[in-house]
Amino acid sequence: MSKVLLDVRNMSVSFGGVRAVDGLTFSVQEGEVLSVIGPNGAGKTSAFNCITGFYQPASGSVTFNGSDITGKRPAVIAASGIARTFQNLRLFGDLTVLDNVRAGMHVRIKQNSLDAMLHTPRYWRSEDAATDEAHRWLDFVGMHYDRTAQIRNLPYGEQRRVEIARALAREPRMLLLDEPAAGLNHTEKTQLLDLMRRIAALGTAVVLIEHDMGLVMEVSERIVVLSYGKEIADGPPAAIRSNPAVIEAYLGAEDQEAHAEAERIAAEAGTDGIAEAR
Amino acid sequence: MNDESTPRTMEAPSAYVRAVEERAPANVAPAGSKVGTFTDRRAALAETASGLLASRWLALGLAAVTLALPYLNSSTYVIQIAIDALIFIMLAVGLNIVVGYCGLLDLGYAAFFAIGAYVSGLLSTRYGWPLLATIPVVVAAAVIGGLVIGGPTLRLRSDYLAIVTLGFGEIIRITANNLDFTGGPNGLYGIPDFGAFGLRADVALYWITAVIVIVAVLFSSRLGRGRIGRAWRFVREDEDAAEAMGIHTYKVKFAAYIAGAIFGGIAGVLFAAHQTAISPPSFNFLWSALILMAVVLGGMGSVPGVVVGALVISLLPELLRGAENWRYLVFGLLLIVVMIFRPQGLLPSRTGEPRRRGRQSQGGRP
Amino acid sequence: MHHFIQLVVSGLFVGSFYALVALGYSMVYGIIKLLNFAHGDIYMLGAFAGFTVLSVGAGALGGGLIALIAIMIAAMAATGTFGVILERVAYRPLRSAPRLSVLITAVGASFALEYGIAVAFGPNPQVYQIGVTGGTLNIAGARITYAQLAMMAIAVLLMIALDTLVRKTRSGRAMRAIAQDPKACLLMGVNVDRVIARTFFIGSALAGAAGVMAGAYYGKIDFLMGFVIGLKAFTAAVIGGIGNLRGAVLGAVVLGLLESFAVAYLGSEWRDVFAFGFLILFLTVRPTGLLGERVTERV
Amino acid sequence: MTINCRGTMAAAAVVLGLTLTACGDLTQDGSAGSDSGTIKLGMLAPLTGSSAAIGPYMKHGAQLAVDEINAAGGVDGRKLSLTVEDEACDPKTAAAGAAKLVSASIDISVGGYCSSATLPTLSIFGKTNIPMLIPAANSADLVAQKRNNVFLINGTGIQQAEAAAQFIKESGSKSVALIDDNTSYSADITKRTDKNLRADGVRVAEHQAVTAGESDYSGAVNAVLKAKADFVYWTGYYQEGGLLIKQLKAAGYRGRIMVADGSVDAKLIQIAGKHNAQGVFATMTQTPQTIPGGQAWVAKYKKKFGSEPGPYSTQAYDAVRVAAEAVKKAGTTDGQALTAALEKTDGFKIFSGPLKFTPEHTLSAGGFDILVVKDNGFVPNK
């Protein structure tokens, strides 16, 4: 189809003897909507964390847009064009909605400390441009509430939207969404589906971790299935639906539970799956 | 201060932004609708009070009163403690950058104050430099101090920083006490001032201090609202999320630490000029703790709050001369009580949006 | 040569005080990741608690080692209880608050303790009316007094007791479990609050014991005596690997020895500069400490 | 350019918590000597902080002299008044206190306890030409700037060091260890004693500085033993001095020990333990307790304040008397005239002997005695 944007080769990471990600290899094309699915504890979030630099992969390589980003600092990886959301919302709770979105623009705001102290024309220009752009992104995601309010006072669904707006404001080539539909009602899920299509239409590749199979099948062009940290299937939704290995992985649930628990405890990372391992 | 990574331009809207504009859905949120804000009345009241204090008119008025003080009362005593208070304000807004904006607990802030005082004192008394000329050297020394101590520790978890900075504060004080070069325990004396300009020496120093401190307060408040200031708050709120947005958190923390060091260093120059004699006991842990107290009491991250906090902490002992032990006992209890019942301080920072200037919003909100 | 041994003896002696205080630091840190800034002041409180007991019941107790141990147990009960109260009043309400808030609260508690004692007992030092006296022992040319030996023996006994408690008993297992994963413990029905309170009790009691020992051995106590030893104990805990109890003891001994030699070769006035400089250097090179595991910050 | 007070703006300044008293002159320092009216004396003394115990001794000593002089009709019919401000042994507090005294237009300063806290007050009093008769602080740095309004009433470190070196030499010591607590007062004495001893050919084997406020001085003790010193001179305060003596004795040190005036306190003996402290020497300024005939003064003091006089009571008492004498000689409270009168003072009787200032404005006659611990107190040696 088109150019390979992200190329993950043979990536592994383990916690206290448990291999959370075990020799994972997959790639993402430019502008593609790809879902990563798998039973609980299959290593999806760990894989995300390795790609975005929050975990150091023990082995393997991650190439993005032609350059090697394996083991780089999260900030460097983000600056190279990968944005992400978190499984449990990670917003700046004390700050306003607009400030949260401005975070995504941080590396693009053309202003230095001197401008800020002296309030130069450049300061006002850059601040106004940032504010305008933040409003546009909030419009884009359909954030309907007071944008000058502290974000922690907003309903959950709206916070989800702001987190996506913040990631989009990074102007990423690729957006990683970690269970964006969790906790949303039916209407909100429909809106999310629409939003993801509009994001893809911008030319941004979307990589989605999601448990809602209806959503996944609806939006994905391709699906990667993980189990025990390994890829077991890769293909279009229709093929995945009838893949025996996938069905086996989802049905053989007893073993999975134990595996999931082991990974969770080993990662020592609460429910989110990100420990600061730097 | 060096901000992280080269910012890409925002001047010309990228193809990306244009695409967004074209595709933006028509059903835009009603601007400023208050749906979903659960702020209770008390918080709203506090916000109004701090809003009033943060308003530029009140700030201008206070600056004017500060500058006019010698016309109101020029007794030696009033000028003396007013300069003390101004220097303390400068220290508090400097520490506020580190603790309030960026959320790094620095318990050895007096170290930078000491570096500033000693460097300017040494250059002026031993080598006859005019005090003004020592300021660039002081800034350089403060930056070096910040690099040495921040370099290894800012990578570590936040609570290590607290104790390492405390240790650093002690190292600086004890070293100044031990070296003959720094005058040993008696310190340095006979430090000149900036010049009298035909005025009474202390009044001239008052005005110089007032101008420097007013500018410092203004700058620290503006830094807090700009790009780097937002980055500090992002780091304070959630380091991981900030990293995920491309913010190099280590460099951002460093910038805060160095900015704080520079404020502390310049405050040290003013202190040396004011006291004419400096000695190690002036830079002990108690002093660092008092500055922290001013920041916490006033409201971490809120410049108006921190200024008020600094005024209270520096003038209260003068009003209550002679109750020292009780004072520290009350301070300690106050720290606990404030943290449990009002962690945002007396005048918390406003969460509202800054006003706009320059060209009006085009699109986005109707 | 005998000078060398003398320095080792001095280092071990000072190190055993550091160790008792460092243990409490490390325990509390290990279990709730709180840097209990007031811990050094609990050591001071222990010394004053012992002093008070001594002034009230001086006649009844007489002198000597038995009286000292009785006073020590009383002071340990007092500081232990105080530690529990401190945790309940100042730290527990903030358990889910940002870490900065709790640190500031701990600084506040430290201040309140120091100056509370200054107000209650006056700022001037107090003299302990009990002393451990006795002869001197000669080991390879180095002198060690029986008092020093007694102090070190008590310290070692307390440490062994703690080690056994943490490793062998049910409540020790609960402590280690909470240090691993407090949420899981809560789900498994462990009374987390009670275990944390117990940790504070034990840590504070150890510091209190060290305070009484210092009072009895040196004979002089004052309200600021906990400040520097608190810093040193933290340094020791970091050197050993914070959260690791055997590490705390090892770190304390290493720090005591290092200081002893630093004083001999650099002069007393540079001791603290050396100790804190070493801490900074150590954190740069090996932030996890001698026995520490990889530090992961829970987010 | 004198500017009038404006009520409205004054109200605004109250926000800053400042009391408005006067509108001074912004271009000149006011220093108005007078030859009538009350003679105002100001004193900075440590009323809080680590040395809070000393403040009342100084204050009472000075008050006693003021009351005596006033009762005898004052100075040329002019009464004396005394204002005391806290210095807390903290430079910043001391400077603010000095400014407060200047604003209260005192004529002469008779205070100053901690040297490091007194140093920043020199320029504040100096600007308005107020003579300073410093009763306690005695660092040589105080007179190193050669400000002509500064006079030291207490014997200086120089004189104490001379007395100490003299005694050490006469004791026939072969090897001396000097220990200070790294504060200005203490380090000054050891440094000068060191110099004097070397000049006299006595071997200084060890020079240690310890940190005040701690408990374990085994580092210093080890160093003393290693150096095989037979004479230890401690120049810090009694808290650490007591511990040091105790630990030296416990470690088997058998030589002589001497302490400086900061350690002359009954608590030294308590902390060191009575048996350890016996025979410890001390260098001390002459006190009423040690001066023949001083008992009457002590009785007077006790009757008035209900407590024993303490360190620097006599020096504060003397500072006031010297001040009064200077006003009497000069006939005015003008700073210049007072300074001239003080420089000419010769033979005025104070506790340490007949008063005459050296060109550096320090006492010409030392006034240091050697005391020795006997039972629970210090008594004159020999």
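Cβ atoms here come from the backbone N, Cα and C positions, even for glycine.
Caution: TrEMBL annotation is automatic and unverified by curators.
What TrEMBL records for this protein:
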{"type": "TRANSMEM", "residues": "C:12-35", "note": "transmembrane segment"}
{"type": "TRANSMEM", "residues": "C:42-61", "note": "transmembrane segment"}
{"type": "TRANSMEM", "residues": "C:67-90", "note": "transmembrane segment"}
{"type": "TRANSMEM", "residues": "C:102-124", "note": "transmembrane segment"}
{"type": "TRANSMEM", "residues": "C:144-166", "note": "transmembrane segment"}
{"type": "TRANSMEM", "residues": "C:195-217", "note": "transmembrane segment"}
{"type": "TRANSMEM", "residues": "C:223-242", "note": "transmembrane segment"}
{"type": "TRANSMEM", "residues": "C:249-267", "note": "transmembrane segment"}
{"type": "TRANSMEM", "residues": "C:273-292", "note": "transmembrane segment"}
| field | Top partner of the transmembrane segment (C:42-61) among C:12-35, C:67-90, C:195-217, C:223-242, C:273-292 - counted as Cβ pairs under 8 Å | value | C:195-217
| Interface check, the transmembrane segment (C:67-90) with the transmembrane segment (C:102-124), three or more C-beta pairs under 8 A | yes
| message | Contact between the transmembrane segment (C:102-124) and the transmembrane segment (C:273-292) is defined here as three or more C-beta pairs under 8 Å separated by at least 6 residues; is that satisfied? | response | no
| query | If we call contact 3 or more Cβ pairs under 8 Å (sequence gap 6 or more), are the transmembrane segment (C:195-217) and the transmembrane segment (C:102-124) touching? | reply | no
| said: Using a cut-off of under 8 Å between C-beta atoms, tell me which stretch among C:12-35, C:102-124, C:144-166 contacts the transmembrane segment (C:249-267) the most. | reply: C:12-35
| task | Give residue numbers and ranges for long-range contacts of the transmembrane segment (C:102-124): same chain, 6 or more residues beyond its ends, CB-CB under 8 A. | result | 34-38, 40-42, 44-45, 48, 51, 86, 90-91, 94-95, 222-224, 226-227, 230
